[in-house]
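Trainee: If you look up TrEMBL, you'll see 318-351 marked as repeat 'NHL'. The signal peptide feature in TrEMBL is assigned to 1-24. Positions annotated as transmembrane segment by TrEMBL: 429-449, 506-525, 545-563, 575-593, 605-626, 638-663.
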Amino acid sequence: MRLLRRSLLIVLFLLLLQAPRAIQADTPIQYIPYRTYTIGLESSLVRTATAYEGTFILNEGFSAPQDIFILDDVVYIADTGNGRIYMYNQETREHSELTHELLAEPTGIFLTDEGELFIADAATDLVLHFDADLQFVRSIGRPDEPLFGTELEAPYEPYKVAVDERGYIYVITEGGSNGIIQMDANGDFLGYFGINDVTISLQLLINRALMSEEQREKFASLRPKPATNMAIDTKGLLYTITRNEYVTPLKKLNIEGNNILTEYQFMDPNYQDITIDGDGNIYTVSSGEDVRTVISVFDSFGNLLFTFGRQEVNSLRNGEFELATGVAVDNRGDVWVLDGQANNVQVFSKTEFANLVLSAIEMYKTGQYEQSEILFKEIIRQNSLFAIAHSRLGKIYERNEEFELSLESYRIANNKEGYSNAYWEIRDAWISAWIMPIVITFIVLYAGVRIFDKTRYKDRYVAWKQELHEKLLQYELYNELRLQLSVLKHPIEAVYHIKYKQRYRLRTAVGMYVIFILLNILSNYYIRGYLFKNTFADLVFSYELLKWSVPVLLFGVANYLVSTLQNGEAFYRDIFIGFVFALTPIFLFKIPIDILSNVLTYNEAFVFQFSNLIMMGYSIVLLLVMIKELNNFKYGELFVNIFLTFFVMIIAIILYLIVSILLSQLFEFIFDIFREVFIV
């Protein structure tokens, strides 16, 4: 029995030694260690059915591989650490490699449709060109055109390379903040392409003020961030990704270098690589400390379809990566993901659900609306939270002039642009059907009012109104509210009653301001029309309280201090009450304007915006009058007062940020000491 066991173990060991290095799974993986997400109904990530299953792992002794490309079932891998291009044939499972004396550390590879190979080498600072037979053609070094710039202004350290259908060569260079280098087919410099915008914030400026020159260049530079990677689709459009970019980390550039990816909404500042399949779908991989998922799949418009996989150190399970550095898609739609730290490639095949979604998207894009409608309904049946399915279904209903169904689908998907278009059609039909009854109703009401004015009931109404007014005059709150309303017509007279007669109590002002805060929350999240209101899921009551109270308190304190230095006559109590009086137009008109927004579309957004502008402008004018009259300022003194008030507010904010940064660094320093002394 022991002899039999030993024999079996020896046979098994020999079989393992002879096993191919690339192992194909014969059966689907039963346990999937990662979750798959999509964009849900509130524009946030929600779980969905598994879209891709890990089926294949390629491990060929790679060393820090940095890029992957697939052409005609042949996988090309830039094996950076080994200074080679590794090639693997999916059909025959044969592998080979390309080496050359100029090939030292390949970090980027690209193949044209004709099979010509371009390699970016980080060590030699060259772009190497090989023909379809992998024979060396030429090397492309630093452009010598004056327009390119000096070595200090424009470093040339090729990191990634791509070639379009015209033969134009695009090169991403390490630290190239001027944009992507664009060269013609001969390697002559044409210019820079797709430069990123510079995002400047107050905290960035403060950080620069506190840092050394070296730290500024590293952590708080005002230069545009260089693109991290790029890809070209079948139409010749260039896509770029940029790490540590929070506004537009993923771009789809037209021939002028402008971003045309209009529907993109899932922002990840950790993108590492990007590729485009034959249908225009976008695939990215991410890596970094804050990565939630590694692999993301978008449609050609930038809508997130799936995101899955996770980052895990020293993991041997499918779907878990140490440091994803590259992604490619083969003709079957399988996704190949390169891991530059685990030194392998993981391959993922589409599930039935992914096939369903991608087929529906492609049918919709090619105008097969009836067939895609069936598929989108099936997607919703399997996952009712799949937002893009609802959105595309709404578009199909809209094309079929089923506007009620379209409106419902858009509302579920939170697609406000589509909702606006569908609602406009519904409203237009409603107005056409009801315009005459509405006109007749107004005529009847007008006639009724005129008749009422000539009857004895008018006198009774006036007498009742006067009696009610006299009773209410006994209450101090009623008189205070009447005084506040008078500020609309007679602001200077209202100031007299605030400052000298003190006919408005401080507690009433505080109560009115609390009502103002609640009014804004209620109106912005509930009363305002769907197209213009804030999402209820984003409501954080404590944040709203701080948003509406801290600026007012800061403005009041700053203005009081400045006014005191200018020998102003107002106390803080007067300034606060004057501020509440200045809010009177908002008290009166905000709710009516927000109610009106319920019947507006984006085509009439100007009406909503202009109404709010007038309301806010009126309040600002009243505030200026309050400050001027309460302090007995002249116009010149008023403008100086306002300028200094905002200056003091800015200084206070800067001091707060500086103290916050210093305290965070202090706590981090103390924690590091504690960790080294007590933990390590």
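For all residues, glycine too, the Cβ spot is worked out from N, Cα and C.
TrEMBL annotations: computationally assigned, not manually curated.
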Trainee: Counting Cβ pairs under 8 Å that are 6 or more apart in sequence, does the total for the transmembrane segment (545-563) and the transmembrane segment (638-663) reach three or more?
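Mentor: As far as Cβ distances go (cut-off 8 Å, pairs 6 or more apart), the transmembrane segment (545-563) and the transmembrane segment (638-663) touch.
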Trainee: In the same chain, who gets a Cβ under 8 Å from the transmembrane segment (506-525) while lying at least 6 residues past its ends?
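Mentor: Tertiary neighbours of the transmembrane segment (506-525) are 477, 480, 484, 533-534, 536, 539, 541, 544-545, 548-549, 552, 573, 576-577, 580, 583, 586-587, 590-591, 594.
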Trainee: Go through the chain and flag residues at least 6 beyond the ends of the transmembrane segment (429-449) whose CB is under 8 A from any CB in it; none is fine as an answer.
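Mentor: Tertiary neighbours of the transmembrane segment (429-449) are 403.
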Trainee: Counting each residue once, how many in the repeat 'NHL' (318-351) are helix, strand and coil under DSSP?
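Mentor: Across the repeat 'NHL' (318-351), the residues distribute as 0 helix, 20 strand, 14 coil.
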Trainee: Who are the chain neighbours of the transmembrane segment (575-593) in space, where the CB to CB distance is under 8 Å and they lie at least 6 residues beyond its ends?
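Mentor: Contacts with the transmembrane segment (575-593): 484-485, 487-488, 491, 494-495, 498, 504, 506, 509, 512-513, 515-516, 519-520, 523, 527, 552, 555-556, 559-560, 563, 608, 611-612, 615-616, 618-620, 622-623, 625-627, 630.
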